[in-house]
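As annotated by TrEMBL, active site applies to N17. What TrEMBL lists as domain 'Calpain catalytic' is 6-59.
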Amino acid sequence: RVKLMTNEIVQIVRCLNPWGNEVEWKGAWSDGDLNNWNKVDQHTREQLHYQKQADGEFW
């Protein structure tokens, strides 16, 4: 569970594509989904080890 800066609590699951490459998920909670990730404070992003890179990981 992640508490957003709007005080809303969302439940997210960390997923990893073991064949991850430059083709990344581009939907909700993807690495590039700034609409959602900008609602998460920096400290929480660090705790989640959020990184914007082509590694096959998404939430």
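Any Cβ shown, glycine's included, is placed from N, Cα and C.
Model confidence over the domain 'Calpain catalytic' (6-59) is summarised by a mean pLDDT of 90. Other Cβ atoms within 10 Å of the Cβ of N17 (active site), summed over all protein chains shown, number 13.
Using DSSP to sort the residues of the domain 'Calpain catalytic' (6-59) gives these counts of helix, strand and coil: 10 helix, 6 strand, 38 coil.
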